Amino acid sequence: MKIGKYLVTRFTTLVPPGVVPANPIKLFRMLNRQQTAFFLVAFFAWTLDAFDFFSVTLNIIEIGKTFNKSVAHITWGITVTLMLRSVGAIVFGIAGDRFGRKWPFVINIAFYATLEILTGFCTTYGQFIVCRALFGVAMGGIYGNCATTALEDAPEAARGLLSGILQQGYAMGYLLAAAFNIAITHNQPYGWRALFWLAGFLPLLVALWRIFLPETKTFLSIKEARKAGKTKGNIHCYFIYVRRILIIDEAGHEVSAVQAVINSIRPTLKKYWMTLIYLILMMTGFNFLAHGSQDLYPTFLSNQLQFSTGLVTITTIVSNCGALIGGSLIGYSSSFFGRRLSIIVVLIAGAALIPAYLLPRNKTIMIGAFFQQLCVQGAWGVVPIHLIELAPDEFRSFVVGTAYQLGNLISSASSTIEASLGQRFPLESDSETTASHRFDYGKVMAIFLACTYVYLLIIILLGPEKKDAKNDEYIATELNNKSVKDDDTQSKLLTTPEDGQKKQTLENA
């Protein structure tokens, strides 16, 4: 397709499919017990992952006091986490595609939970940075495995709604971190450390739950296809004794572990490199938007606006309530109005709300925070299903996780950039503070968010969409089949033996 024709189709394909929105209750009823369990375990894993991450964001000033470091220094703990998430995405993404969605997921959860607990025991700034760097590796693998576990076995008609709810695990984790922070951090002798210990313990319960669930049916189908020789680029591993791993490629040659990894991802890069580049660019914008609007916001409230700890927490909770509503609502709506159109609408609204998010100097800022995060996470609510649809089936975990985390890598310095630039704009001193301690973070955040909104709007407008790759009538058909099945089941339950005999007599006559 020529470039000019493609650009024209970017506008014509924004027309909504016109499918009547399905009842969300009916969509939930389409899930069987196993699919429901997969979704819930993925949701809780993603929620607690965010809980662990935002434990640092909410305590930047407190951690800085502990290690005698500035805000900019502590934000490096956020930056290194985001930078190394791409490593975890590649490692656990490959493991998830090769060995299944189950055990790599379990190991991944246990890994990040352990590092979160260890962060609470750090006694030096260096130890803190190392723990957060390793935590980034562990955190990087979670998103791809969560998205595939939650969505790939789910009925297609319900995926848009589930995608929006799944993504809001991130906002729910932020909300939980804020709530537990105000309840724990200043009410016991260990300060911020106790919050990290709790945040690290809870994910271990999710890992235990996942152990008792089976492998996803989609992966088992892919595994059978590989055995049948339908998927190219297979690498077969034979475990000999306990210490030695012999890896043999399709030609029967023994290869090193590094070469085995390269061989496993080479078909993906060769065939889908344009898709992967686009997804990385898209996720770069989304991650700049999320981290640019959230990570330094509590510091902006406490440092520049001089809000108390309680008021900062309340504002954070209010903003995340907006995020939960926006993500679920827009994710649900995207199944019927299109993925790209849904994202574009909330991006425009979010850009218009930047002044309300950062300019008020009293409690009315909560209103702007609510609606700004409704837009930010509303756009994010479409991300999981949009990624799943654009990624190839046989390399879904690798492509989704890698695109997401490489986007995180590129945008990893968001909070550090905002903090460093903000310190170039000191505010006038008052009776309690000096100019060297208060900074105009709001000005920098406003410019940063405006640039991000423009970039992301262009990326989404010019990008592809596969929402309508299959017949739109599939949703209605699937819902009707479910309804018919339920009606048959109900009729059987209400039919007495006498009714059955009468019916048989009439049929014989």
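Including glycine, each Cβ sits where the backbone N, Cα and C put it.
What TrEMBL lists as compositional bias 'Basic and acidic residues' is 499-509.
Here TrEMBL flags 38-467 as domain 'Major facilitator superfamily (MFS) profile'.
Taken from TrEMBL, the feature region 'Disordered' covers 480-509.
The transmembrane segment annotation in TrEMBL covers 37-61 (among others).
Nonlocal intrachain contacts for the transmembrane segment (73-95), taken as residues 6+ away from its ends with a CB within less than 8 angstroms of a stretch CB, comprise 53, 56-57, 60, 63-64, 67, 104, 108, 125, 128-129, 132-145, 261, 264-265, 287, 291, 295-296, 397-402, 404-406, 408-409, 411-416, 419. Feature annotation from TrEMBL assigns transmembrane segment to 73-95 (among others).
A Cβ distance under 8 Å defines the sequence-distant neighbours of the transmembrane segment (169-188), meaning residues of its chain 6+ beyond its ends; these are 43-55, 57-59, 62, 146, 194-195, 198-199, 290, 294, 309-310, 313, 316-317, 320-321, 323-324, 327, 373, 377, 380. Residues or ranges marked as transmembrane segment by TrEMBL: 169-188 (among others).
Residues 34, 37-38, 41, 44-45, 48-49, 51-52, 55, 59, 102, 105-106, 109-110, 112-120, 177, 180-181, 184-185, 188 of the same chain sit 6 or more residues outside the transmembrane segment (194-213) yet have a Cβ under 8 Å from a Cβ within it. Annotation comment: TrEMBL describes 194-213 (among others) as transmembrane segment.
What TrEMBL records for 272-290 (among others) is transmembrane segment.
Here TrEMBL flags 310-332 (among others) as transmembrane segment. Long-range contacts of the transmembrane segment (310-332) within its own chain (CB-CB distance under 8 A, at least 6 residues past either end) are made by residues 21, 24, 58, 160-165, 167-168, 170-172, 174-175, 178-179, 181-182, 297-298, 301-302, 342-343, 346, 363, 365-366, 369-382, 384-385.
Look at TrEMBL and you will find 341-359 (among others) tagged as transmembrane segment.
What TrEMBL records for 444-463 (among others) is transmembrane segment. Packing against the transmembrane segment (444-463) from elsewhere in the chain are residues 7, 10, 278, 281-282, 285-286, 288-289, 292-293, 296-297, 300, 340, 343-344, 347-348, 350-351, 354-355, 357-358, 379, 414, 417-418, 421-422, 425: each is 6 or more residues past its ends and has a CB under 8 Å from a CB in it.
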Cβ under 8 Å to the transmembrane segment (272-290), counting only same-chain residues 6 or more beyond its ends: which ones? 82, 170, 350, 376-377, 379-380, 383, 387, 390-392, 395, 399, 402-404, 406-408, 410-411, 414, 448-449, 452-453, 455-456, 459-460, 463-464
